[in-house]
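What follows is a single structure, written as structure tokens, with notes after it.
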Amino acid sequence: MPINQPSNQIKLTNVSLVRMKKGKKRYEIACYKNKVLEWRSGVEKDIDNVLQIQNVFINVSKGQVAPKADLDKSFDKMPLKKIIEHILEHGELQVGEKERHAELDRINHEVIDIVAGMVVDPTTKIVYTAGMIGKALDKLTTQSHQAGKPEAAEDEEDKGKEPAVAALPKWTGVTANKSAKKQALHAVKALVAHQPIPVMRARMKLKITCPAPILKHSVKSAPKVASSESAGDGPKVHVTVKETILSFVERVESEDVTDSMWIAHAFVEPGSFKPLSEFLAGKDTKNAGEVEVLDMAIKYEDE
């Protein structure tokens with residue numbers, strides 16, 4: 001006996017869902033497995049290889065397509081293609097249990113590798129192995145979960161009381177909805193605050209030199225730099241050589257010009273050393289820039 005389906009129902013199988021809530025409405029798009037993360041990381045450029053169907057649903061499992069009136073209201077009459085791209089980029093990826101564990105495991109390894117390159121033993125100034133960093137973060141995770149139970153029980157009693165001091169950053173483990181870089185930065189803060197192992201944030205002290213006349217030259221293709229200070233400023237139309245050099249730097253201790261040569265003593269994170277060196281030795285500086293390591297691990301008082 002044939003089953004009559006409403007015309008707005010489309011049956012899809014073997015999908016990964018990306019879900020977004022706008023007000024009281026929930027929207028979903030149906031994607032091929034493993035393609036969402038490839039799209040978000042820039043590996044996959046063709047959206048047709050990501051989507052099973054270019055449409056927005058209110059319930060993929062039931063095949064219920066989102067009404068156009070709801071989409072217009074929720075997304076301010078944005079074109080359907082733009083709505084799909086917005087959900088694909090910013091929505092919450094729904095995955096199966098096995099895929100979720102595999103993804104969390106991948107992110108956890110990436111976070112540990114990043115953290116291992118950002119901290120050192122404060123006494124020896126030697127970096128820790130990834131295994132030691134992993135164990136330290138696991139210890140923090142256990143402590144956070146154990147500390148959370150009594151806190152919940154004391155909520156009613158402590159309600160209305162202001163905390164005596166600001167809470168220290170906690171590490172509760174990795175999550176799938178934040179980048180590994182962002183989570184690694186938070187993990188470093190938690191390690192430094194709680195000291196499950198003796199640790200300090202590593203900074204290299206460098207001597208940077210570059211011909212002064214070149215500093216004001218525009219950079220043809222500025223390298224991408226992860227900078228918390230400039231993250232919200234947006235792309236700059238004109239970036240100079242000096243601005244690009246300083247974008248790698250965490251703090252400048254001193255700078256001067258001697259015999260038409262700009263000399264700066266600065267602190268950088270170890271991960272910035274290689275791209276800075278490559279830029280100084282590149283075409284934008286006419287291969288005239290240099291960088292010298294003065295100390296592999298320095299601790300200074302933040303202003």
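Along the chain as shown, the residues are counted starting at 1.
Each Cβ is built from the backbone N, Cα and C atoms, and glycine gets one as well.
Residues annotated as domain 'Ribosome maturation protein SDO1/SBDS N-terminal' in TrEMBL: 14-100. Taken from TrEMBL, the feature domain 'Ribosome maturation protein SDO1/SBDS central' applies to 110-202. As annotated by TrEMBL, domain 'Ribosome maturation protein SDO1/SBDS C-terminal' applies to 239-296. As annotated by TrEMBL, region 'Disordered' applies to 142-161.
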Residue counts (helix, strand, coil, in that order) that DSSP gives for the domain 'Ribosome maturation protein SDO1/SBDS C-terminal' (239-296): 21 helix, 23 strand, 14 coil
For the domain 'Ribosome maturation protein SDO1/SBDS central' (110-202), the mean pLDDT of the predicted model: 81
